[in-house]
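Just below is one structure, and these are the notes that go with it.
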Amino acid sequence: MAEAGWNMKWILGLSLTLCLVVQTALGALHTKEPLLITKHGILQGKQVHVGDTPIQVFLGIPFSKPPVGTRRFAPPEPPLPWNGIRDATTYPPSCLQESWGQILSMYLNTRKQYKWLHFSEDCLYLNVYAPVLAPGAPLLPVMVWFPGGAFLAGSASTYEGSELAARGKVVLVFLQYRLGILGFFSTGNSHARGNWGLLDQIAALRWVQENIEAFGGDPDSVTLFGQSAGAMSVSGLMVSPLAQGLFHQAISQSGTAVLKAFITPDPLTSAKKIAHLAGCDHNSTKVMVECLRSLSAEEVTLVSKRMSFFQANSHKDPKEIVWFLSPVVDGVVFPEDPVVLLTRGQVKPVPYLLGVNNAEFEWNLPFLMKIQLNQRMMNQTNINKILWSFNVLLNITKEQVPVVAREYLNDAISNHDWKMFRNRLIDLIGDATFVYATLQAARYHRDAGSPVYLYEFKHHASSGIIIKPYNGADHGDELSYLFGSPFSKGSSAGEEKEFSLQMMKYWANFAHTGNPNGEKLPYWPRFDKDEKYLQLDFDTRVGVKLKEKKMAFWSQLRQSQKP
């Protein structure tokens, strides 16, 4: 009888497994609670509709073991398989970050209702949005989103992927990676090499290669896309040997690895500051790392706050300011500085779409960096102090500060024109950072043989939480249009929806073919020696040589710096 009972259980178990396999194979994901078999186990998601298009949504899928305990400051490890059916209908915790990450998420939120974030060290999860495929239908291109946030903040759950997945006919993956101290702490040696956040990203891309076909995605057609720090990450992975073969197109929105702040040249200096604030001072980096591993998540967050990351301070020696922890040349993710590799043309020539917004420093970044833009700044002494405090981000020497002020600000100061001064300062910081680095990256990839498409996003987007005075496109303003917020939030005018549809089509076309052009879209020329680019706005049009005179100024300034 015992043997008969065991046989009956075995038969029932086998029957359930076969049912699930058949259910998946026959497109049974049309059900309200779709089931799906991955390499690590069975997932139960949910189904939503965009018009008549059903989208399957799977949230909180683990792509690594939790990076806690001895796995803190260590490369991610593949997740363990699970028994039974794993619920994938609720948003996962976001990676540990300071409270301002919540504000950033509210500002960038693309969903109809804001999802309040929960922070945890156990955060290596991803969200997938996939159109339901008919039996026998071809696999869809995959787009993997890298959230931004200065390597200090960001969450996969800030973004809603249903609109882009449905209208672009793509499978969307939103990943998360460790941030701040937990993601980028490095002693510069084998005790803590660093780049943990980038290794998380690479682990997520490996998960995509192994599992995405089950969601209807094509592992041989993967496009990376990201914004700000996410865009820098995408740009960096394009020259990393660890990421080769894991993607086939790339998109960088407002950020590339050419930005000076992308690489931390002396990570041990920052590591010692962190250790000191944590009470982990020691001459041995091994002991230092072991001590930091013993801290609770709350203690790590407290140390992060005491480091005053991403906060401007014109009264402090710029050499003492640690804007954020960033990637390092570790000999693993990056054998050499990415800019050196790009200069040599050591990059796989995949199609690359990249661009900037025309007012990157309007409100979002100054607010997060606690910079008060006011008329007290309008004198030569104060502006010199402010510009010098930004020297790491602007990549200027102390001797070049008055040269930069003269180029952008002096006439506004002499005319006591506050509006002109403010707008020029916005241009100055945006030009020196995002615009210059993006153009340089476009040229490097073009010269290496990649098809390159450049844009400048110009549409002034309204925000649900702030009224911005400058009539330009702020850092992150393109995201609501890219992810279809005018449709999902349901309160936008027809022009906003048409513009959003245009952006989604460009990005999806690029994911499908490596070329953004398509039917009924304004033509987007390749970025060749003539340096044509697309100005994205309600009246989208072609431009030539983005900010040519200002870029010549910055190029000459950088070339005059001592090596």
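For all residues, glycine too, the Cβ spot is worked out from N, Cα and C.
Over in Swiss-Prot, the protein carries these features:
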{"type": "SIGNAL", "residues": "1-27", "note": "signal peptide"}
{"type": "DISULFID", "residues": "C95-C123", "note": "disulfide bond"}
{"type": "ACT_SITE", "residues": "S228", "note": "active site, acyl-ester intermediate"}
{"type": "DISULFID", "residues": "C280-C291", "note": "disulfide bond"}
{"type": "CARBOHYD", "residues": "N283", "note": "N-linked glycosylation site"}
{"type": "ACT_SITE", "residues": "E360", "note": "active site, charge relay system"}
{"type": "CARBOHYD", "residues": "N379", "note": "N-linked glycosylation site"}
{"type": "CARBOHYD", "residues": "N395", "note": "N-linked glycosylation site"}
{"type": "ACT_SITE", "residues": "H475", "note": "active site, charge relay system"}
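Shown on the structure are the features that Swiss-Prot records.
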residue : record                               : Cβ neighbours (10 Å)
C95     : disulfide bond                       : 31
C123    : disulfide bond                       : 28
S228    : active site, acyl-ester intermediate : 28
C280    : disulfide bond                       : 20
N283    : N-linked glycosylation site          : 6
C291    : disulfide bond                       : 16
E360    : active site, charge relay system     : 27
N379    : N-linked glycosylation site          : 10
N395    : N-linked glycosylation site          : 19
H475    : active site, charge relay system     : 27
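A distance of 38 Å separates the Cα atom of C291 (disulfide bond) from that of H475 (active site, charge relay system). Nearest neighbour of E360 (active site, charge relay system) by Cα distance, taken over the recorded positions C95, S228, N395: S228. Annotated pair C123 (disulfide bond) and H475 (active site, charge relay system), C-alpha to C-alpha distance, rounded: 26 Å.
Taking the Cα of H475 (active site, charge relay system) as the reference point, the closest of the recorded positions C95, C280, N379 is C95. When Cα-Cα distances from C95 (disulfide bond) are compared across the recorded positions S228, C280, N379, N395, the shortest belongs to S228.
Cα-Cα distance from N395 (N-linked glycosylation site) to N283 (N-linked glycosylation site): 31 Å (rounded to the nearest whole number).
Separation of the C-alpha atoms of C280 (disulfide bond) and S228 (active site, acyl-ester intermediate): 32 Å, rounded to the nearest whole number.
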